[in-house]
Amino acid sequence: MALDIHAHRILILDFGSQYTQLIARRVREIGVYCELHPFDMDDEAIREFAPKGVILAGGPESVHEANSPRCPQAVFDLGVPVFGICYGMQTMAEQLGGKVAGSELREFGYARVDVVGKSRLLDGIEDHIDADGLFGLDVWMSHGDKVTKLPEDFHILASTPSCPIAGMADDARGYYGVQFHPEVTHTKQGGRILSRFILDICGCEALWTPSKIAEDAIAQVRAQVGTDSVLLGLSGGVDSSVVAALLHKAIGDQLTCVFVDNGLLRLHEGEQVMAMFAENMGVKVIRANAEEQFLNNLEGESDPEKKRKIIGRTFIDVFDAESCKLDNIKYLAQGTIYPDVIESAGAKSGKAHVIKSHHNVGGLPEEMNLKLVEPLRELFKDEVRRLGLELGLPYDMVYRHPFPGPGLGVRILGEVKKEYADILRRADHIFIEELRKADWYHKVSQAFVVFQPVKSVGVVGDGRRYAWVVALRAVETIDFMTARWAHLPYELLETVSGRIINEIEGISRVTYDVSSKPPATIEWE
């Protein structure tokens, strides 16, 4: 009998915290499957999910205000351990008979909590031991309210000077609450705390590993598809590449990929995609060379949103034309990942997930009367990358920097022309090449060059050059929601600038973007 890697599972209820997806990623890293659902999840759905434990996440609301979110009673009726984090601790306390009030001194940022009570959750976990033998933890706080009265059968677990009940525990029922955030890296022992709750208190087994995920996904694809044929739009990005590798391993020649070359790809990208999948892996890949069609459709358009729509619409036209040449296609594969599922569920719906269509294929499944195959829909991006390595894809492909769906079309400011794309491709290649040489490529989260449709005077030898300006962009980020510009060494920037200006005739000036997000976005358009 096949191993059920979903058998040991954790339910995470979302009360609106910016960290909720991070909790889910941390649970998965421990090796346990989990799902994230809105706080008002239906009672019957909770019982059907049958978790071995529940985590109540944080949120921006105040428990003592009218109509603030509450945890479904079904959670406390399950008879499984429950872990409340920040707002989750507060609503647990209030619902079980305790009290919560606004705090005169709010806590945001780093803090030290003293572990003042014995519990299965924190015993043996500490950052400091003071002269009196008191254990301390370095944590991340983000709260304006606090628990002022414990529910019956709870005892104080941790405290700070301004928050005497910074943690609470009822070991008999396996109920715990902490006012800090164990899911963020700022809480040094956060991983150990979550692991203690999930593995020791909930009794979960670490079944969720890349090798087992690959085996399970392959088995599911074979069961769903049978002997039918599957079509995949292969872009060369991480998600579609991992889907291609997974499907090829699962169903072999039943998979056909269409790779649309829109003329807006990185230098040699088309050749690299074909070499990797068609030549090395033996995947059936149709390369549609549509550069002229894309550039003709983009002619004269400078509005960023309109450019995106033109590129998306043209992709569908080309993809549709190629797919119509194929016989007996029954399934369309997409690289939908778990954050897409979460975002598409709708705010606090508590209903079944509605999967977001991939930005490239739009309404194609309905138009072509195809059924969907989405083998990555349970996975976060970091899990997709690890799965890619498990399937044998090269590290440099799996951990390549993000590239926008419209490609260079949104890195060329204003109208898109072949001349601009050719110049930008070469400049971008030089930047990435030098980052790799200097061992900076994997130290930054994303790096690229932007073409600016303005000219600047330069001097080359004894002559005057009037040519284009490009900007280098490199950022560091954890979640791409916020980002800081990367402080690259001046010597590296000098090397990149010198090479670009000397090797590319159409460029006379190179600038470096030192804007962080917010207020700027990572991409320029």
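Keep in mind that glycine also has a Cβ here, set from the backbone N, Cα and C atoms.
Taken from Swiss-Prot as is:
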- Cys86: active site, nucleophile (ACT_SITE)
- His181: active site (ACT_SITE)
- Glu183: active site (ACT_SITE)
- Ser235, Gly236, Gly237, Val238, Asp239, Ser240, Ser241: ATP binding site (BINDING)
- 9-207: domain 'Glutamine amidotransferase type-1' (DOMAIN)
- 208-400: domain 'GMPS ATP-PPase' (DOMAIN)
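In sequence order, Leu234, Val242, Val243, Ala244, Gly335 are the same-chain residues whose CB sits within 8 A of the CB centroid of Ser235, Gly236, Gly237, Val238, Asp239, Ser240, Ser241, the residues recorded for ATP being left out. The number of other Cβ atoms within 10 Å of the Cβ belonging to Val238 (ATP binding site), over all protein chains shown, comes to 23. Looking only at the domain 'Glutamine amidotransferase type-1' (9-207), the predicted model's pLDDT averages out at 92. Around the Cβ of Gly236 (ATP binding site), the same chain contributes Phe259, Leu265, Glu269, Gln272, Val273, Phe403, each under 8 angstroms and 6 or more positions distant in sequence. Within 10 Å of Asp239 (ATP binding site), judged by CA to CA distance, lies none of the active-site residues Cys86, His181, Glu183. Neighbours of Gly237 (ATP binding site), defined as other CB atoms within 10 A of its CB across all chains, total 18. Of the candidate active-site residues, Cys86, His181, Glu183, the one lying closest to Ser235 (ATP binding site) when CA atoms are compared is Glu183. Around His181 (active site), the C-beta neighbours below 8 angstroms that are at least 6 residues distant in the chain are Tyr19, Gly58, Ile85, Cys86, Val139, Trp140, Met141, Ser142, Thr187, Gly190. Note on proximity: of the binding-site residues Gly237, Val238, Ser241, the one nearest Glu183 (active site) is Val238, by Cα distance. With the fewest other C-beta atoms within 10 Å around its C-beta, Asp239 stands out among the recorded positions Glu183, Asp239. Just so you know, the Cβ of Ser240 (ATP binding site) picks up 22 other Cβ atoms within 10 Å once every protein chain is counted. Non-local neighbourhood of Ser241 (ATP binding site): Leu234, Met276, Phe277, Gly388, Leu393, Met397, Val398, each in the same chain, at least six residues away, with C-beta under 8 Å from its C-beta.
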